[in-house]
Structures are given as C-alpha cells and as structure tokens.
Protein chains: 2
Amino acid sequence: MAPAYKLTYFNITALGEPIRFILSYGGLEFEDNRIQFENWPGIKSSMPFGQLPILEHNGKVSNQSVAICRYLAKQVKLVGKDDWEDLEIDAINLPHTIMSKMKKIKESKAIPLFSEIIPPYLEKLDAVAKKNNGYLAVGRLTWADLFFVGILDYLNTMGKRDLLADYPNLQTVKKNVLEIPNIKAWVEKHPKDNL
Amino acid sequence: MAPAYKLTYFNITALGEPIRFILSYGGLEFEDNRIQFENWPGIKSSMPFGQLPILEHNGKVSNQSVAICRYLAKQVKLVGKDDWEDLEIDAINLPHTIMSKMKKIKESKAIPLFSEIIPPYLEKLDAVAKKNNGYLAVGRLTWADLFFVGILDYLNTMGKRDLLADYPNLQTVKKNVLEIPNIKAWVEKHPKDNL
C-alpha cells in the first residue's frame, strides 16, 4: 500500500525539510517525491498551485509549506496544549520571517543579508530560546523548533556560514531537535544539500 | 467588569481591523485601546514585543496580528470543520501575502505596487473566490474572509484606488462580510481612516 502522505518538493532541504522532519518525528510514512530542477519547467503548469512543496493526503492536495507544517504538527502532537499556546507558537512567526528573508535574498542575491539583516533577528530569537529552556515557544518541543532546525542547513549553505555560531541558546534548540531519535535517523539517511 | 479581551493598536484600521472584525463577529466584548501615533515612541519600549497589535486575555499577552486572528477565529468558530480545512484556510496565505506587500510599500513608498504587483495576485484570488462561492476558502465564511475585508479599506486608502474594481468575485466576498449584522454594526460605529 502506498504511504498515506506524499510530499512533492525539489531535491533539496530548504522548505521541504521542515515538513520531512515533522513527518519523520511522528513516524508517518510518506512518499518523498523529489523533482529535479531541470524537470521543473515542464511540470510546473501541471501542479495545482504552480509551486512546491505540495502535500497529498486522502486524495486531496494542498500547498504552502507553513500551512502544511501546522497541519502535520497537529497530527503528530507538536502543537500547544490549548489555543493560547498555539497562539504563542504562531506568534514567534519564525517561518514567515525566515521565508520573507529568503525571498529577499533571492531577489537581491545579497549575502550582506546574512551579515547585517539576519543577526539582529537571531539575537532576539536567542533570547526567546533562553526564556523557553532551549525551545522556541511554550518551554517545550513544538513544530516551531522542527521548522527552524529543518531549514537551518539550507540557510547556512546560502549564507556560507554557521548562522548559530554566536547564539548558544539557538545551538541548544538545534541540539534538542537533532537528538530526537526519529529526526537523527532521518538526517543520517539523507545527506546535506550539494548546492 | 472589564471586557475579557483588550486589543491595543494604533487609531487606524490596517492590521487592527481584522482582529476587531473577528471579535465583533463573535460578539466578544473587548477594550479597543487605541494609541495615538505621537505617543508611540514613548510607549514602544514598554510594550512586551515592541510592536502592535497586541492582545491581552486572562492576564496573558501576545502579539502578531495573524496569530491573534487565528486564535480568535477558533474562539468564534470561524475555522475549518477539521484539520485539513484549516490547512486549506491557512494555505491561501492571504494575511502574509498582504502583509509582505504592505512592508514592501512602506520600504519603497512605491504606489506602482498597487498598479503592477498587487493586481496579478488579486486576479488569482478572484478565481479562488469564484471557486469558493464568494468566500476565500472551503466554500463558506471563515476568518480568511474577515481578514481580507477588514484590511481592505486601509489598502484602498494606501493605493488611492478601489482595488476590487475589476474583481467581481472579491466584491462578493466583501459584500458577504459587510452584510453580517455584527460586522455591519461595527463598521457603522467606526468611521474610516482619515490618513
């Protein structure tokens, strides 16, 4: 029987990896459908929303990586214990901040973003992680942590640096996520991007 | 007794109005705390996150307008009937698209955004509204509609035009929201921005 979930994304980590992390965390089997960049122009118009990632489940399909992460987090219990905690997780607004910065990078091809614009943001985030005992919200593991650590390698590759070098509490977040057995197993099976 | 909710924002619609719409829709009483722009520099540092809007409830405080809208939508039942519907509502990703475009406008002060960048986006959204019978997701009223219509006056003011002029299905979304008795009553009590 085919796995219940099918994720379609490019053959890189980037916006696909947080989704893969959450699926792996919960032990949800999924088809990891990876599109080669050279094939994308021929496929794009056949995709329901013209962009990746997309998630297929029970004959339905949806797009938008953050929305997909939030959905899967509910399935694998990486959400808050009540609506207000979910608000706190949403309010750190990490995915959208990262994604809007990534978009800027694409538009400007400007590496200075990594040396000038991102550090003040990481500084604030480091303080948040300190307050939350090595997690990004509500004092324990949530999908916000998996999103952050899932996308980190890609950001480091783009920035050509270890973005967390000066942020010990964010290093703890990273360690806390990568030590989860299911995540560790996933990362070991899947090599880093070769961009 | 003080209302259970307190919203603090500037004395304009913009990012505060979708929150006010959702609170009003659900008949949730709230203190509508409006900060005058000239007082903001003196207040900013005393705000827990240094930005507005913030929502206070049960002695707790949170920020980030979209997260607040999603939270309140759960309280007033403007969400999906299951997790997948919530994914579909999230995936239209309207708030973040609008907000990132607003940020661009602030950065560039470029009105051409309204004549060049926003229309292709509204065209897609109009098709979505057509498919969903005059709503933005799942074929019926959700917080996505209240967010969109709540922020619309502000966008029109910024763009100095009726952004929906060419989009009949989005006009239907607007009509559907503004005809809701609680929203109608709210709008009647609160004049448009005078920017």
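Using N, Cα and C of the backbone, Cβ positions are placed for all residues, glycine too.
Per TrEMBL, the features are as follows:
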type   : residues : note
DOMAIN : B:3-80   : domain 'GST N-terminal'
DOMAIN : B:66-195 : domain 'GST C-terminal'
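Counting residue by residue with DSSP, the domain 'GST N-terminal' (B:3-80) contains 30 helix, 20 strand, 28 coil. Here the domain 'GST N-terminal' (B:3-80) returns a mean pLDDT of 94 for the predicted model.
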